[in-house]
Each structure stands twice: as structure tokens, then as C-alpha cells.
Amino acid sequence: MVRANILLPDLDEMKHTGENVVRIEAAALRALADRISGPMAAPFQRAVDLMFCCAGRVVVTGMGKSGLIARKIAATLSSTGTPALYLHPVEALHGDLGMVVQGDVVLALSASGETEEILQLLATIKRLQVPLIAMTGDEICAASVARALPPARGVGDSKPKSKAAGRSARSTPASSTQVSTLAAAADVALDCSVAQEACSLGLAPTASTTTMLALGDALAVTLSERRGFKEEDFANLHPGGKLGKRLARVESLMHTGDALPRVTPQTKMPDVIYEMSRKKLGVTAVVEGERLVGIISDGDLRRLLEKRGKDGLDLAAGEAMTRDPKTIGAGEFAATALALMEEKKITALMVVDGGGKLEGIVHLHDLWGTEMM
């Protein structure tokens with residue numbers, strides 16, 4: 001059915017609405033940063049400690065929009081060196097709770113702190129003696145600090161609120177004296193409260209989910225730095241996609257063995273040309289034993305023939321080669337190889353070990369496949 005009387009959008013009003021949403025969420029993030037550096041510093045550190053010392057995995061759970069944020073947090077943790085998984089609360093109630101074992105840490109997200117599906121998991125979490133970290137919309141910084149260091153309290157310390165109370169907590173932050181069931185049951189409760197949602201109705205999770213996402217990133221990055229997580233670790237966990245390809249190592253791209261063109265200093269130029277043509281890389285290494293002593297490229301051949309004509313073919317490789325060619329180590333990033341090729345305006349690099357032994361060759365064409373070009 002066609003709707004009648006559809007109003008044309010007011011462009012100025014649309015722009016103002018969009019700007020207002022971003023400003024509200026930015027203000028929520030600034031408030032979160034102030035809490036992390038102030039009253040929430042101790043709970044934040046305690047949460048990091050629990051996840052850092054976790055012998056198992058960080059199990060992240062949440063429902064609805066909070067569940068979507070929980071999935072992202074689990075993915076970010078996993079990709080930055082902290083093993084994590086997402087557990088859907090409903091699936092957990094029907095068997096998937098078996099994924100949680102002693103040695104794990106549970107990170108539960110709920111804006112109201114009263115999500116029924118999550119509250120039903122608390123008894124099992126406590127029975128397994130699994131540490132529980134909660135992200136809720138409670139304004140509980142003072143309570144969090146007081147609760148950060150003592151051992152976990154039982155689930156029965158606080159009675160669940162009604163569904164109506166849970167719904168109202170989404171749009172109206174709880175007072176500091178009203179702690180949600182989830183926050184009360186947690187070993188560490190992290191304050192994700194916001195002054196207001198960015199939704200004009202004040203109902204759709206917007207600023208609150210942005211705050212949860214940012215806090216999850218803060219935990220993940222802090223953990224990765226504490227673990228000494230490096231670029232090579234990131235590359236090992238991201239073998240596919242553009243990020244992984246940009247962080248690929250030279251050793252994973254270089255030509256080795258029979259695919260590596262090589263001649264000796266005594267090899268005559270016709271045989272040099274044959275080797276270059278057969279290996280199709282436009283260059284050949286000149287080696288003495290296993291040590292690289294020079295290279296001959298297509299450009300070297302052209303210049304030789306222009307200068308000496310067919311007499312150039314009577315020379316040996318050692319007489320025509322370029323000495324001290326540019327080289328790179330097998331453990332270097334492919335991006336480093338590309339930067340060096342661009343700087344020196346060359347199309348190939350010889351790969352050598354610390355003693356100058358030839359290990360392979362990496363060509364510009366190999367780097368094109370990494371999507372760095």
C-alpha cells in the first residue's frame with residue numbers, strides 16, 4: 001500500500017540530527033574515559049588482571065544489541081592475543097553453557113543488568129567458580145571499587161528486578177544506590193552508563209552500545225600491550241584479508257629452490273640469458289658457493305649489448321654483474337620489501353641470511369598479489 005502525505009526531508013534538520021547523534025555519543029565516550037582514569041580505574045585494572053591471568057578463554061555474552069557488541073569484543077580479543085568466544089545466552093540455556101569450563105572468564109554485557117537470559121546463567125557460572133566481569137548501565141563506580149578486590153559474592157546477594165524495571169533502566173541510568181542483579185553478582189562491575197541515548201526517543205541503544213564497544217576495545221588493547229603483542233603476532237592471526245597480506249613475511253612470498261635463478265661468476269652470458277629466460281623473473285643471482293656476490297638483470301643485459309654489441313656475449317657473469325646488490329632478510333615484512341623496491345626503483349630483491357647466503361628472491365609481481373599496490 002502506498003503511503004500518502006509523505007513529507008519531504010528537511011536537509012538542515014537531517015544534518016542537525018546526524019551531528020547531534022555523534023556529539024551525544026562522543027560525550028558518552030569522554031565520560032567513559034574520565035571514569036577509566038578516575039573512579040573506575042581499579043575495576044578496570046582488576047578486569048584486565050582477570051583476563052590476563054585466564055588459563056582458558058574469555059567467554060563474552062550478551063543479548064540483542066549488547067549481544068552484537070559482545071560478538072565484536074570477542075573477535076577483537078581473539079585477534080589481539082586473548083583467546084575469546086561469543087556465547088549466545090539463549091543457546092547457553094539449551095546446552096551451549098557446556099562451553100564454559102573452569103579456567104575461563106565470563107564477560108557479560110547488559111545495559112539494564114537485568115537481562116533474564118543472562119541472569120539465568122549466573123548460578124552455573126558461580127558453581128563453576130568462573131570469574132564474572134559485567135558491563136552494565138549502572139552508575140556504580142564507587143561500588144565497583146569496593147568490590148574489585150574481594151572474592152566473588154553469591155548470586156543470591158541481590159534479588160532480580162522486574163521486567164519493567166529492567167526496561168526502564170535502559171533509558172534511565174540507575175542511581176548509585178541501586179545496583180542491578182548482574183552488577184551485584186559480578187566479581188568486577190564496569191560502568192557503561194550514559195547520560196542519554198542518541199535516539200530521539202531515548203529508547204534505541206545507541207550511546208550505550210557505543211560505550212560498551214569502546215570499553216571492550218580498551219580492555220583488548222590494554223591486554224595486547226600487557227602481553228607484548230607485536231606486529232608479527234597480529235600477522236600470524238590474520239593470514240587472510242588485506243591486513244594479513246600487508247603483514248606477510250618475505251619468506252612466504254620468495255622464490256626458492258629450482259625456481260630461484262642462479263649462476264656462477266664463470267657462467268658465460270648465453271647461459272646467463274638462458275637461465276633468466278627459463279626462470280622468468282627478469283634477473284638472476286650470481287653466487288660463489290652459496291654466497292651472493294652479484295646480480296644480472298634485464299637492464300644490465302640491455303646496457304651490456306648497447307655498449308659492447310655481440311662481443312658482450314663472450315663475457316662471463318662475474319664480468320657483467322652488478323656487485324653489492326640490494327638485499328633483504330626472509331623475516332622482514334613484505335611491505336618493507338615493497339618500500340625498498342620503490343625507493344631504489346628496482347623490481348626484485350635477493351633474500352639472504354645474516355652471513356650473505358642466498359635464500360631466495362622476491363619479485364615486485366609477488367607483492368602485487370598482496371594488494372599492497
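Just so it is clear, glycine is given a Cβ too, placed from its N, Cα and C backbone atoms.
According to TrEMBL, the features are:
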| type | residues | note |
| --- | --- | --- |
| BINDING | H88 | Zn(2+) binding site |
| DOMAIN | 47-229 | domain 'SIS' |
| DOMAIN | 254-312 | domain 'CBS' |
| DOMAIN | 321-373 | domain 'CBS' |
| REGION | 152-177 | region 'Disordered' |
| SITE | K65 | site 'Catalytically relevant' |
| SITE | E117 | site 'Catalytically relevant' |
| SITE | E197 | site 'Catalytically relevant' |
| SITE | H238 | site 'Catalytically relevant' |
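Features as recorded by TrEMBL, highlighted on the structure.
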residue : record                        : DSSP class
K65     : site 'Catalytically relevant' : helix
H88     : Zn(2+) binding site           : coil
E117    : site 'Catalytically relevant' : helix
E197    : site 'Catalytically relevant' : coil
H238    : site 'Catalytically relevant' : coil
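Taking the Cβ of E117 (site 'Catalytically relevant') as centre and 10 Å as the limit, one finds 18 other Cβ atoms among all the protein chains shown. The recorded positions shown are K65, H88, E117, H238; of these, the one with its CA atom nearest the CA of E197 (site 'Catalytically relevant') is K65. On the backbone, the CA of H88 (Zn(2+) binding site) and the CA of E117 (site 'Catalytically relevant') stand 9 Å apart. Averaged over the domain 'CBS' (321-373), the predicted model has a pLDDT of 88.
H238 (site 'Catalytically relevant') is surrounded by 16 other CB atoms, counting those within 10 A of its CB over all protein chains shown. Rounded to a whole number, the C-alpha distance linking H238 (site 'Catalytically relevant') with E117 (site 'Catalytically relevant') is 33 angstrom. DSSP assignment over the domain 'CBS' (321-373) gives 16 helix, 17 strand, 20 coil. Distance between Cα atoms for E117 (site 'Catalytically relevant') and K65 (site 'Catalytically relevant'): 14 Å, as a whole number. Local packing around the recorded positions K65, H88, E197 was summarised as the count of other Cβ atoms within 10 Å of each Cβ; on this measure the leading residue is E197. Residue counts for the domain 'CBS' (254-312) by DSSP state, with H, G and I taken as helix and E and B as strand, are 29 helix, 17 strand, 13 coil.
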